[in-house]
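Visitor: Quick one: structure below, then a few questions.
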Amino acid sequence: MKTIEQAIEKLDYKGYLDVEIPQGIDLITEIKKLKEEKNAVILAHYYQSREIQDLADYLGDSLQLARAAAQTDADMIVFCGVHFMAEAAKILNPTKKVVLPDTKAGCSLADSCSAEGLRGLREQHPNAIVVSYINCDAGVKAESDIIVTSSNAEVIINSLPQEQEIIFAPDRNLGRYLNQVCNRNMILWDGACIVHEAFSLERIAQQMTENPKAKLIAHPEAQEDLLKFAHFIGSTSRLLDYVVEDEAEEFIVATEEGILHEMAKLAPNKKLIPALVQDESCNCSECFYMKLSTLEKLYLCMKYELPEITMDEELRVKALASINRMLELSEKIK
Ligand code: SF4
């Protein structure tokens, strides 16, 4: 059996504390107890597993969680999401301890863009301002002028002068979509989300034939050919609102399947069909990184307050400026 000291030694390599948990303990009860004892707050993204969503104090998309992280007065922020989101919580609320159950919970989109690469692109376009999607690391945030999320990107881009040259990073699909709806010609970084690029148009067309009353709803990180067929395109929270408010009773949902848990709670009488992906052996649109959080890792992370997110202060302050710009501008769409 590994001791906690041995587990801490391997923490950077493993990304989580690999310690045996005593058999028979009720993890949900223990996590709730730790939350009280440590004055901790659990923030969870809609793409987390169902049991973690049910334990969260705040459940939301990137923008909602960034706001919650900035405003909390808890002593410890336990972030159930991916690494760049926990980093954003630390950037926004540096005096709090921020822990993440598994630091290997990355993101294909964030990994596609480096600060050096973005700086290089900016040097080629010295008059451009850099607008980056929140799915990027602290280094990229520090190189950016404004951060956006899929909830507020359209409003923020529309608030910039029409003649302003803009570099948009890192998601090419979201960038292409925004170019269309905002009538822009932004220079796009060539990154993508592996989950939203995995949908199969052919199989979704079949689902639409089999469910003729269903509306197809999609996240703008999905590819252009799929978005063309969607009845509604929106951020995770907008998709949620749409399902609740729209009169249709059936929806084919083309985003990460974790959102279906909250959708089913808020719209219990509606039929929700996860959109199919290219891999026929899987059928699921799960984000591998998001699902690295487990109840076991969450429990250990809260008990030992590790792994902790730390950051160089100069980098944090630079990254904060671009996030603050987003929070100021997005107040308009609250
Ligand atoms: S769903 Fe896509 S964008 Fe979101 S964390 Fe996973 S890989 Fe990144």
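Cβ coordinates come from backbone N, Cα and C, glycine included.
Look at TrEMBL and you will find HIS45, SER62, TYR133, ILE134, ASN135, SER150, HIS219, PRO220, GLU221, THR236 tagged as iminosuccinate binding site. According to TrEMBL, the feature [4Fe-4S] cluster binding site maps to CYS107, CYS193, CYS287.
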Visitor: Starting from the Cβ of CYS193 ([4Fe-4S] cluster binding site), draw a 10 Å sphere and report how many other Cβ atoms land inside it.
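Guide: I count 24 other Cβ atoms within 10 Å of it.
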Visitor: When DSSP states are folded down to helix, strand and coil, where does HIS219 (iminosuccinate binding site) land?
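Guide: The three-state answer is coil.
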Visitor: Name the residues of the same chain, 6+ apart in sequence, whose Cβ is under 8 Å from the Cβ of HIS219 (iminosuccinate binding site)?
Guide: SER150, HIS196, ILE233, GLY234, SER235, THR236, LEU239, ALA254, THR255, GLU256
Visitor: Measuring Cβ to any atom of ligand 1 with a strict under-6 Å cutoff, which of the binding-site residues CYS107, TYR133, ASN135, CYS193, HIS219, CYS287 qualify?
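Guide: By the Cβ criterion, which requires under 6 Å to ligand 1, the hits are CYS107, ASN135, CYS193, CYS287.
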Visitor: Provide the number of Cβ atoms within 10 Å of the Cβ of HIS45 (iminosuccinate binding site), excluding the reference atom itself.
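Guide: The answer is 27 other Cβ atoms.
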Visitor: I'm trying to understand the geometry here, so how far is the Cα atom of CYS107 ([4Fe-4S] cluster binding site) from the Cα atom of ASN135 (iminosuccinate binding site), in Å to the nearest whole number?
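Guide: Counting only the Cα atoms, the answer is 8 Å.
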Visitor: Write out, in the order they occur in the sequence, the residues of the chain not among CYS107, CYS193, CYS287 that have a C-beta within 8 Å of the mean position of the C-beta atoms of the recorded [4Fe-4S] cluster site.
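Guide: What remains near the Cβ centre is VAL82, SER108, LEU109, ALA110, ASN135, ILE194, VAL195, HIS196, GLU256, TYR289, MET290.
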Visitor: If I take the alpha carbons of TYR133 (iminosuccinate binding site) and CYS193 ([4Fe-4S] cluster binding site), what is the distance between them in whole Å?
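Guide: With the alpha carbons as reference points, the distance is 12 Å.
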Visitor: Reported as an integer number of Å, what is the Cα distance between CYS287 ([4Fe-4S] cluster binding site) and GLU221 (iminosuccinate binding site)?
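Guide: With the alpha carbons as reference points, the distance is 13 Å.
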Visitor: Quick check: of the binding-site residues listed here (HIS45, ASN135, GLU221), which one has the Cα closest to that of CYS193 ([4Fe-4S] cluster binding site)?
Guide: GLU221
Visitor: What number of additional C-beta atoms lies within 10 angstroms of the C-beta atom of TYR133 (iminosuccinate binding site)?
Guide: 28
Visitor: Please state how far apart, in Å and to a whole number, the two most distant Cα atoms are among HIS45, SER62, TYR133, ILE134, ASN135, SER150, HIS219, PRO220, GLU221, THR236, the recorded iminosuccinate-binding residues.
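Guide: So the binding residues stretch over 17 Å, Cα to Cα.
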